[in-house]
Amino acid sequence: MSDDEDDAQEMAQMRAAAKARQRSDAELGIPMPVSLESLRERQQRLQESAMQANQYFEGDQGRVIDGPAVDAVKQNDQSLEEEDDEDEEEDNDNENLPEAQSGVGVIDDSEVHEGLRTHFPLSFGKQESKQTPLEAIHSKTKRSEAPINKLDKQYPASITKVQGLGSIQFTSGETAVVGPLRPQLGSNDEAEEIIGPPRPQTDEASSEEDDDIDDEEGEDVYRIPLNNEIRLKGHTKVVSAIAVDPTGSRVLTGGYDYVVRMYDFQGMDSRLRSFRQVEPSEGHQIRALSWSPTADQFLAVTGSAQAKIYDRDGFTLGEFVKGDMYIRDLKNTKGHISGLTGGHWHPKDRETALTSSEDGSLRIWDVTNFKTQKQVIKPKLARPGRVSVTACTWGLDGKCVAGGLANGSVQVWNVKPGWGSRPDIFLEKAHEAGDDVTGLCFSADGHTLLSRSTDSTLKVWDLRQTRSPLKAFRDLPNSYAQTTVSFSPDERLILTGTSTEKEGNAGGLLVFFDKERLELVCRVGVSANHSVVCSVWHPRLNQILATTGDKKEGTTHVLYDPAISERGALVCVARAPRKKSDQDFQAKPVVHNPHALPLFRDEPSRKRAREKARTDPKKSKRPDLPVTGPGFGGRVGTTKGSLLTQYLMREGGMIKETWMDEDPREAILKHAEAAANDPFYIAPAYAETQPETIFQESDEEEKET
């Protein structure tokens with residue numbers, strides 16, 4: 001028998017033994033794991049071993065020299081193909097397995113085996129960690145079609161776009177039919193012969209087709225990331241400011257709870273916790289946050305008169321100086337004298353920042369020196385006075401500055417050598433008087449300006465023709481002075497947020513408008529009970545961040561789409577928190593100091609206590625020291641006749657007695673001779689029995705003698 005026949009016979013015996021082992025496992029009730037990849041790998045190994053054993057090669061004429069081993073391999077291939085077909089049928093029957101759905105190569109033991117076998121591993125050594133598929137992770141953060149309960153109750157019907165009105169019309173799903181019912185079309189319309197002209201298309205069918213076309217165009221053209229959502233929590237009040245660095249790795253949020261929270265997408269796990277919080281000014285709300293162009297510093301603007309600069313990690317670098325509130329001319333003050341309302345870093349120069357204040361001025365600061373300001377801008381007013389500047393912004397090229405005032409006007413200044421406070425563009429009645437301008441935004445070409453106000457409007461301006469706005473979108477409730485407006489990264493859309501109304505039933509919405517057609521694209525419900533204040537569409541992440549909140553809670557919503565978004569929320573959602581191990585436990589150290597025990601403690605010295613008590617007049621019970629001269633209030637010699645009344649009476653001659661300046665002994669002895677010559681009452685009664693009075697002579701008399 002040749003070697004080839006021996007190899008073929010050995011392979012046949014191996015196959016027979018494998019089948020016998022499978023049958024024995026089946027009789028014992030142990031199902032084998034179903035995996036096409038394992039069968040293909042086994043087939044490949046058998047082919048390689050057969051080819052090495054037979055050592056067949058290609059001849060000079062390009063023919064393959066066959067042998068018995070090759071025939072055995074061919075027979076093996078046919079048998080394995082038949083087994084593969086059977087396995088595919090079994091795989092189709094076992095579609096309920098999670099790994100078959102997700103496509104992950106590792107099958108869980110508990111899914112394959114039953115009974116006691118499930119508690120034992122299939123192989124020895126280090127077991128592979130079970131990986132949760134990304135589809136399952138993103139399915140948890142996927143937004144539902146109707147995320148707002150209140151909107152479901154108010155608008156339970158389908159949403160259709162009204163072209164020309166620039167708004168959304170909510171229509172009911174069941175429309176009333178007037179007249180007889182329309183005839184139903186047959187199932188085989190193509191097979192039927194139509195006599196005469198074709199039937200006219202119904203309004204419902206045409207509207208459905210238009211909606212489908214509009215939806216398809218909207219999804220293809222705008223590509224708004226709205227499929228999934230995560231929430232960054234931590235604030236106890238409404239989130240009024242947000243800033244994302246140019247790289248998209250760190251997010252800053254500030255609110256009415258006086259705190260700035262810092263989030264890092266690269267280091268954050270699925271718990272979505274901030275790594276640091278900073279309180280720039282105690283008791284002052286956060287009005288604005290802005291990153292530097294290099295993302296190494298950020299500007300924090302609060303309700304105080306001084307803005308602060310922090311580094312990337314949240315450590316204070318400096319604070320701008322405050323001006324003198326008693327100086328009337330604002331150009332002569334070194335800084336703002338009232339609370340700040342907004343602020344932005346220069347889009348290209350990392351050493352320049354802009355702030356606006358309630359004192360009616362805008363100031364351009366030198367970040368390298370916190371005590372100097374480059375320029376003071378005083379807006380143009382119809383009457384002399386001070387009007388609060390409620391919003392400010394830079395042009396994207398940094399060559400112009402815009403400011404919105406509390407009187408509804410919007411003013412634009414071009415930054416050039418020798419420029420002053422006179423505006424180059426003055427929109428006197430941009431919004432209604434008495435309503436604050438809450439947000440401003442320039443387009444990339446600098447020709448379009450967006451303005452948002454508390455009068456529930458959003459206006460689009462062409463700075464080359466400022467007589468009237470290009471479009472005014474109304475019915476956009478705005479209750480917060482920090483509500484922003486911005487463009488999409490490609491500037492095809494305009495987005496802003498709306499506030500909740502007390503009387504209305506709608507929650508906070510994100511509203512999108514088309515810049516070219518100037519019409520409404522869609523409204524997205526973000527929160528059922530909270531207002532949407534700030535909204536940012538980051539160009540590198542392709543994710544939308546919207547801040548919401550009320551008096552009790554503040555949240556930042558991050559909207560993304562796993563198919564078109566990059567990094568950001570995708571990174572932190574897929575990162576599970578680290579599991580705690582036994583090595584993480586750290587017992588609190590106990591320090592045993594023998595001299596601290598009561599047994600070894602020395603008695604405290606009482607010397608200092610005695611000295612302190614001696615100086616205390618109450619504890620020492622020291623008697624009052626004697627005083628000389630006239631007194632007042634029961635004490636002798638306390639005033640020494642220095643009262644103002646006594647001084648005036650003495651100088652005016654009203655007090656003629658000099659008893660206050662006399663010696664008491666001499667004052668008594670001068671009446672001794674008169675008392676002896678003319679005694680009165682007591683002296684005559686004791687004249688016979690009373691001894692003779694002897695007075696001590698004074699020191700002066702002794703000296704004379």
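Backbone N, Cα and C atoms are what each Cβ position is placed from, and that goes for glycine too.
If you look up TrEMBL, you'll see 1-105 (among others) marked as region 'Disordered'.
The compositional bias 'Low complexity' feature in TrEMBL is assigned to 10-19. For the compositional bias 'Low complexity' (10-19), residue counts in helix, strand and coil come to 10 helix, 0 strand, 0 coil, using DSSP.
According to TrEMBL, the feature compositional bias 'Polar residues' maps to 46-55.
According to TrEMBL, the compositional bias 'Acidic residues' annotation covers 79-96 (among others).
Per TrEMBL, region 'Disordered' is recorded for 179-219 (among others).
Annotated compositional bias 'Acidic residues' per TrEMBL: 205-219 (among others), in sequence order.
What TrEMBL records for 232-266 (among others) is repeat 'WD'. Panel annotation: around the repeat 'WD' (232-266), residues 272-291, 293, 295, 298, 300-302, 312, 314, 480, 482, 530-531, 533-534, 536, 538, 540-541, 543, 545, 547-556, 558, 567-569, 571-572 of the same chain, lying at least six beyond its termini, place a Cβ under 8 Å from a Cβ of the stretch.
Residues or ranges marked as repeat 'WD' by TrEMBL: 333-375 (among others). Remote same-chain residues near the repeat 'WD' (333-375) are listed as 284, 287-288, 290-294, 296-299, 301-307, 309, 318-325, 327, 385-398, 401, 403, 419, 481 (criterion: CB distance under 8 Å, separation of at least six residues from the stretch ends).
Positions annotated as repeat 'WD' by TrEMBL: 437-471 (among others). Outside the repeat 'WD' (437-471) by six or more residues, the chain places 166, 390-397, 399-400, 402-406, 408-410, 412, 425, 427, 430-431, 477-487, 491, 494, 496, 513, 515, 518 with a CB less than 8 A from a CB of the stretch.
Annotation comment: TrEMBL describes 582-638 (among others) as region 'Disordered'.
Look at TrEMBL and you will find 600-624 tagged as compositional bias 'Basic and acidic residues'. Counting residue by residue with DSSP, the compositional bias 'Basic and acidic residues' (600-624) contains 13 helix, 0 strand, 12 coil.
Taking H, G and I as helix, E and B as strand and the rest as coil, DSSP gives the repeat 'WD' (333-375) the counts 0 helix, 20 strand, 23 coil. Across the repeat 'WD' (333-375), mean pLDDT in this model comes to 93. Secondary structure by DSSP for the repeat 'WD' (437-471): 0 helix, 20 strand, 15 coil.
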